[in-house]
Amino acid sequence: MPVKLRIFLSHGEASCAKEPETFLGSNRVRPMSISNSIKITPELVASHGLKPDEYQRILDLIGREPSFTELGIFSAMWNEHCSYKSSKKWLKTLPTTGPRVIQGPGENAGVVDIDDGDCVVFKMESHNHPSYIEPYQGAATGVGGILRDVFTMGARPIAAMNALRFGAPDHPKTRHLVAGVVAGVGGYGNSFGVPTVGGEVEFDPRYNGNILVNAFAAGLAKSNAIFLSEAKGVGLPVVYLGAKTGRDGVGGATMASAEFDESIEEKRPTVQVGDPFTEKCLLEACLELMKTGAVIAIQDMGAAGLTCSAVEMGAKGDLGIELDLNAVPVREERMTAYEMMLSESQERMLMVLEPSKEEVAKAIFVKWGLDFAIVGKTTDDLRFRVLHNGEEVANLPIKELGDEAPEYDRPWTPAKVPAALSETDIPEADIADALVSLVGSANNSSRRWVYEQYDTLIQGNSLQLPGGDAGVVRVEGHDKKALAFSSDVTPRYVEADAFEGGKQAVAECWRNITATGALPLAATDNLNFGNPEKPEIMSQLVHAIKGIGEACRVLEFPIVSGNVSLYNETNGQAILPTPTIGGVGLLKDWGRMARIRFAAADEVVLLVGAPAGLGTHIAQSVYMRDVHGRTDGPAPHVDLIAEKKNGDFVRGLITEGLTTAVHDCSSGGLALAVAEMAISSGIGATIDAVEGHNPILTFYGEDQARYVLTVKKSDLDKVRAAAKAAGVSCPLIGTTGGSTVKLGTARAVEIKELHLAYESWFPQFMDGETLIAAE
């Protein structure tokens with residue numbers, strides 16, 4: 001039974017008189033000492049994303065009915081987006097440490113040592129729900145948020161990537177969403193001044209009602225100058241930095257923790273609005289401030305805004321926080337405490353300040369045209385107090401709000417792995433026709449239309465641009481050192497077998513970084529799944545995390561940051577499970593960096609990691625999906641020992657200067673890998689068939705742990721000797737040269753034909769000239 005309130009208007013928030021005592025369920029609720037203007041009903045509680053048992057937990061915790069503002073605070077802090085309550089148990093199983101890890105999960109971003117007193121700071125996170133509702137602003141503020149995560153740690157951003165998933169190309173909303181998201185990513189990143197060096201774009205009907213926008217950013221910092229969010233010291237000023245607070249984004253974190261339904265348009269006001277030029281000023285002001293010794297702790301205001309940043313800083317430091325909302329800079333009149341606490345206005349920071357540096361800090365932010373306001377203080381009582389118009393509108397236990405939020409062990413079903421395909425169940429197709437079809441398909445064609453809208457060269461350090469295996473950026477101040485970045489996942493594999501799919505996402509990211517010659521250092525995960533309250537969805541999440549963990553351990557590729565996005569469903573239809581992995585690698589000498597394009601004619605082509613017949617696994621391949629419309633059978637097995645051995649071997653060859661081109665072998669198998677190498681270089685290749693082996697398996701099988709290499713004929717004996725010593729399969733499979741790609745006995749396909757198909761699909765789709773389904 002809801003508490004009965006009699007509401008009287010006052011100059012501040014409405015005050016309320018209540019019965020001396022009331023009952024809610026079986027619990028006696030003490031009279032509230034905090035004024036309230038809104039009646040707390042079961043419907044209101046449900047609209048805040050809180051389950052009845054969670055609301056009962058709140059009542060038990062605080063011993064009274066929460067105020068409306070407190071209800072909003074609990075809703076924000078206890079939702080999936082902020083608390084990770086459904087995934088925390090399993091995230092704890094991931095490997096997060098290593099010899100180069102300076103800071104693992106739990107901070108704004110991960111930090112990894114790259115020698116010479118330098119470190120790379122990076123993270124990937126989602127902005128899925130906002131980008132579907134308002135694609136331009138949703139994507140733009142996703143980029144802004146991840147950039148703030150990086151420079152909050154004291155790092156200057158040097159690279160960005162984005163992994164985008166859209167619905168079927170023939171869905172009426174897809175073209176609009178692609179245009180808006182790509183424009184938003186480019187509009188923010190380009191204006192801010194960070195190069196976009198890689199990413200993914202894929203289409204599938206399962207994303208029709210719930211697209212994915214996963215944004216990655218990396219920055220450089222000094223290893224001895226990393227800034228954390230843990231508040232320290234009692235009675236110290238809590239300072240608001242950056243842009244003013246408005247009503248945009250109120251309830252955004254709660255919206256991001258719920259499924260979509262017919263009311264989706266009503267959620268448009270929960271999408272934030274970004275300003276990249278203000279963010280650029282905020283970056284410069286923060287980095288300047290950090291050099292003064294004024295910063296004790298700092299946290300960006302992202303999901304749940306002022307609420308989450310204040311609670312996290314206090315809870316991590318075992319301190320209380322007191323805020324006075326009348327000191328918060330606002331850009332709209334008559335904002336309520338609820339709105340100010342839950343606003344997700346962009347380009348804002350919260351800091352615990354060294355008191356003696358107040359005037360120095362203020363002068364820096366005034367110089368950059370940004371707000372600087374002391375809005376509170378740290379306390380020693382572990383309480384989160386919020387004052388507004390002279391009244392206390394919230395008084396809650398800060399640890400229970402923050403790092404002691406609810407944690408669930410949700411039920412999950414055993415994994416179900418599809419049966420293997422029989423040899424007689426492999427459909428035939430003309431090898432050459434299939435190749436032309438695949439390079440010109442929705443999911444395998446060039447993404448040039450997308451990445452040419454991004455500034456890939458700003459800052460002047462980009463060495464490899466989108467279109468290769470990984471983006472590569474030179475480390476400024478060093479003649480030879482560079483960093484490689486890649487983002488990968490194959491959702492159809494995860495759908496078929498979440499454990500193997502999780503392993504494969506890590507392995508392909510590691511492989512792409514290795515293919516440049518870089519040593520993979522560490523990774524960030526962005527786990528996108530449906531409703532975890534459904535055991536079959538929770539099973540996908542659990543098994544994917546198990547697979548990710550196993551791969552990271554074997555490949556020595558720890559997870560140092562990440563994000564979980566659940567409830568990616570519309571009207572009960574879940575997305576494909578999509579655990580995106582972003583990785584970073586170190587090139588000690590970028591002069592030895594490998595590229596995917598063939599370097600010259602009359603060189604030999606080798607396939608590292610080749611199984612018998614060069615390829616064997618056709619189930620869940622793009623050949624089956626895009627040529628024959630089938631998505632059955634198991635995902636390919638990922639032999640992690642082979643991945644490590646083969647990758648280390650390839651990296652060694654690159655470092656020794658024995659390769660002239662390198663490309664990982666993944667979706668589309670050997671055929672697509674060779675075609676992409678030929679298209680990017682304009683040099684053809686002839687690849688031999690394997691006598692007695694099905695050519696479909698040879699050319700389109702998606703066996704893992706493979707690389708296509710080219711080497712000069714004069715170096716072939718050295719490479720073969722090295723392969724034998726390493727115990728690595730590395731057969732010679734063909735030669736480069738000519739103007740065609742010839743696979744076995746199939747007709748030779750002109751590179752011009754492949755290039756036209758490869759480059760045409762995306763611009764034709766966006767111009768409305770083609771509606772090829774991604775099925």
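Cβ atoms are placed via backbone N, Cα and C, with glycine included.
Of all the Cβ atoms in the protein chains shown, 27 others lie within 10 Å of the Cβ of HIS81 (active site). Reduced to three states, the DSSP call for HIS81 (active site) is helix. What Swiss-Prot lists as active site is HIS81, and the listing cites sequence analysis.
A 10 Å cutoff on Cβ-Cβ distances gives HIS127 (active site, proton acceptor) a total of 32 other Cβ atoms nearby, all chains included. For the recorded site, HIS127 (active site, proton acceptor), the DSSP three-state label reads coil. Sequence annotations record features per position, and here Swiss-Prot assigns active site, proton acceptor to HIS127 based on sequence analysis.
The ATP binding site feature in Swiss-Prot is assigned to TYR84, LYS123, ASP525, GLY562; the stated evidence is sequence analysis. Counting Cβ atoms from all protein chains shown, LYS123 (ATP binding site) has 29 others lying within 10 Å of its own Cβ.
Its own atom aside, the Cβ of ASN563 (Mg(2+) 1 binding site) has 22 Cβ atoms within 10 angstroms in the protein chains shown. Secondary structure from DSSP puts ASN563 (Mg(2+) 1 binding site) in a beta strand. For GLU125, ASN563, the entry in Swiss-Prot reads Mg(2+) 1 binding site, with the evidence type sequence analysis.
According to Swiss-Prot, the feature substrate binding site maps to SER126, HIS127, ASN128, HIS129, ARG148, GLN272, GLU344, SER345, GLN346, SER565, an assignment based on sequence analysis. According to its DSSP assignment, GLU344 (substrate binding site) is coil.
In this structure, ASP149 (Mg(2+) 2 binding site) is part of a helix by DSSP. Close to ASP149 (Mg(2+) 2 binding site) in the fold, though at least 6 residues off in sequence, lie ASN108, ALA109, LYS123, GLU125, ALA217, ASP300, GLY302, each with a CB less than 8 Å from its CB. Among the features that Swiss-Prot reports, Mg(2+) 2 binding site is placed at ASP149, ASP300.
With TYR84 (ATP binding site) as the anchor, the candidate recorded positions are SER126, HIS127, ARG148, GLU344, ASN563, and the one with the nearest CA is ASN563. Residues TYR84, LYS123, ASP525, GLY562 make up the record's ATP site, and a Cβ search at 8 Å around their centroid adds LEU91, PRO105, MET124, GLU125, THR524, ASN526, LEU527, ILE559, SER561, ASN563, VAL564 from the same chain. Counting in whole angstrom, SER126 (substrate binding site) lies 7 from ASN563 (Mg(2+) 1 binding site) by their C-alpha atoms. Of the binding-site residues GLU125, GLU344, GLU344 has the largest number of other Cβ atoms within 10 Å of its own Cβ. Considering only the residues assigned to ATP binding, TYR84, LYS123, ASP525, GLY562, the longest pairwise Cα distance works out to 16 Å.
With a cut-off of 8 Å between CB atoms and residues at least 6 apart in sequence, the same chain places ASN108, GLU279, LEU282, ASP300, GLY302, GLU347, MET349 near ARG148 (substrate binding site), listed in sequence order. Taking all protein chains in view, 27 other C-beta atoms sit within 10 angstroms of the C-beta of GLY562 (ATP binding site).
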